[in-house]
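Asker: Before I ask anything, here is the structure I am working with.
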């Protein structure tokens, strides 16, 4: 059924199709036509959290937490919403989202378009979702990069009571200079400030909410080693590898290869896995990794687990394969676990 729906959706503008799909999913959910499945097929512990299974939804699909309940009915082990910023912002001018079906890729330069952290919290409070919910936080475009920590601290404080875990997004290529925060000194200063605030908030709220950081696939081994050193030294709870790539050489002479933005889907698969493997080697089991990037079928999820991830997230694969991808990943992980025995 989804291949037919995809043909119709792919005839629409990519961003319009995105909103139409989520609105339709929400309507079907509210009509009770989506059977809520727990999918406790492969429970796993992640950052101290009990996941019913290790296949999660990556940030970016539901930026404002408007579709949490409907997405929660699709069998994910956890859901991540955002990226959210302190204040609402429109993001970059349209068009800013492009499909590259010949390569099973997506290019986006959305620019953290969202309604702001306060609106997101209102949506979370209206939700009935009781599963593991991650909130992905970023900085406003107008905030100077030297003041970025202020924005992350605002979001952390406001999101803390409503999140199962919080992800610090420093790897989007669509906010000017954001990726500079991945550098050693800048990264250390930012994460130390956030860990200090986390400790204060844990005392105030009487609960510990884990902090993860999301990194880019466009890193060399020295940069990956530096990041691994920092996240271990500040005692981050987890790391997400990876975001989208700015390298579009895999698209060859495709007309969209010159578009600005981050490329996701199948073209980022190898880059993401390379970073994941190197990161796992340098982290040496000190904190868990969530693998994301280029999971287009079940065996891709199993490969990320073999490379060192504790859990995985999907996004672009959902656009191309539909919700059935979740079950396909879970089946592949189960087969992989059996073969390893």
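Including glycine, each Cβ sits where the backbone N, Cα and C put it.
What Swiss-Prot lists as active site, nucleophile is 172, and the listing cites sequence analysis. Residues annotated as FMN binding site in Swiss-Prot: 59, 60, 61, 62, 63, 83, 136, 169, 214, 242, 265, 294, 315, 316. Here Swiss-Prot flags 63, 108, 109, 110, 111, 112, 169, 174, 243, 244 as substrate binding site, drawing on sequence analysis.
Help me picture where these features are in the structure shown.
Answerer: Within 10 Å of the C-beta of residue 172 (active site, nucleophile) there are 25 other C-beta atoms, taking all protein chains into account. Under the three-state DSSP scheme, residue 172 (active site, nucleophile) falls in the coil class.
Over all protein chains present, the Cβ of residue 59 (FMN binding site) has 27 other Cβ atoms lying within 10 Å.
Just so you know, the Cβ of residue 63 (FMN binding site) picks up 21 other Cβ atoms within 10 Å once every protein chain is counted.
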Asker: Taking Cα-Cα distance, which of the recorded positions 109, 172, 243 are within 10 Å of residue 214 (FMN binding site)?
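Answerer: Cα filter at 10 Å returns 172, 243.
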Asker: Looking only at 109, 214, the binding-site residues on record, which one has the least crowded Cβ, with the fewest other Cβ atoms within 10 Å?
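Answerer: So among 109, 214, the binding-site residues given, the one with the fewest Cβ atoms within 10 Å is 109.
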Asker: List, in sequence order, the same-chain residues at least six positions removed whose CB sits under 8 Å from that of residue 136 (FMN binding site)?
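Answerer: Spatial neighbours, sequence-distant, of residue 136 (FMN binding site): 59, 60, 80, 81, 82, 83, 84, 166, 167, 169, 214.
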Asker: Please identify, from the binding-site residues 243, 265, the residue with the sparsest Cβ neighbourhood, meaning fewest other Cβ atoms within 10 angstroms.
Answerer: 265
